[in-house]
Amino acid sequence: MEIENSSDLIIDGLYSFLSAGVDEVGRGALFGPVVAAAVILPEDVLDDLASTGVTDSKKLTEKRRCHLASLIRTVAWDCQIGIASVREIDRLNILKASLLAMKRAVLRLKLRPDLVLVDGNQEIRDLFIPQRTVVKGDSKCLAIAAASIVAKVWRDTLIMRLAKKYPVYDLTKNKGYGTKKHKQGIINYGVSPQHRLSFSPCQPSLFEVRS
């Protein structure tokens with residue numbers, strides 16, 4: 001399915017209003033926060049971004065994501081990050097924490113959008129800005145795809161820094177997701193303070209928490 005150039009939407013062909021795309025990454029990881037990005041793109045860059053291959057971040061190589069994230073930040077009118085911590089994930093559950101990260105990203109925008117395009121089928125609670133959910137939005141909407149790329153690169157950069165502190169979990173390769181080597185590291189060394197204790201592979205009843 002082709003990406004839609006929907007950073008600016010048109011009502012009745014007369015009124016163009018400002019919209020932000022928002023997406024999160026890291027929902028399925030065992031380690032680290034969930035990270036969201038909110039992006040507002042000017043209409044005159046949409047075709048160029050689409051032609052450069054902006055799409056769902058999961059479909060891109062790491063090198064390509066880094067290049068596109070830098071480009072998106074350069075051309076965007078506004079681009080902000082929101083996170084929900086590991087402890088918030090454990091306290092709220094991963095869905096609520098993901099929506100909280102998205103809300104924080106939107107509220108950090110210096111420009112107030114008239115509409116927020118939210119990836120998925122869940123609206124952001126208590127946002128007080130009109131919003132529209134877009135299922136598989138990172139494959140359908142350019143602004144959401146851009147947000148997914150920015151969020152993914154930001155989170156991966158964070159995990160790479162944390163990997164130096166916690167080398168036993170193979171984080172440089174798995175970026176916090178539950179690979180065989182990551183799970184074996186948990187079995188051998190216990191969990192770190194950055195592991196999500198509400199996720200079954202990280203249950204505190206089974207493993208010692210390492211500082």
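Note that Cβ sites are derived from N, Cα and C of the backbone, with glycine treated the same way.
As annotated by Swiss-Prot, divalent metal cation binding site applies to ASP23, GLU24, ASP119. Residues or ranges marked as domain 'RNase H type-2' in Swiss-Prot (evidence: sequence analysis): 17-211.
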- Message: Looking at the domain 'RNase H type-2' (17-211) alone, can you tell me the average pLDDT?
- Response: 94
- Item | Neighbourhood of ASP119 (divalent metal cation binding site) by C-beta distance under 8 A, where only residues 6 or more apart in the same chain count | GLY21, VAL22, ASP23, GLU24, THR133, VAL134, LYS136, GLY137, ASP138, ILE144, ALA147, SER148
- Once ASP23, GLU24, ASP119 are set aside, which residues in the chain still have Cβ within 8 Å of the Cβ centroid of the divalent metal cation site? VAL22, VAL25, ALA36, ALA37, SER98, MET102, VAL118, GLY120, GLY137, ASP138, ILE144, ALA147, SER148, ALA151
- Note on the structure: For the binding-site residues ASP23, GLU24, the largest set of other C-beta atoms within 10 Å encircles the C-beta of ASP23
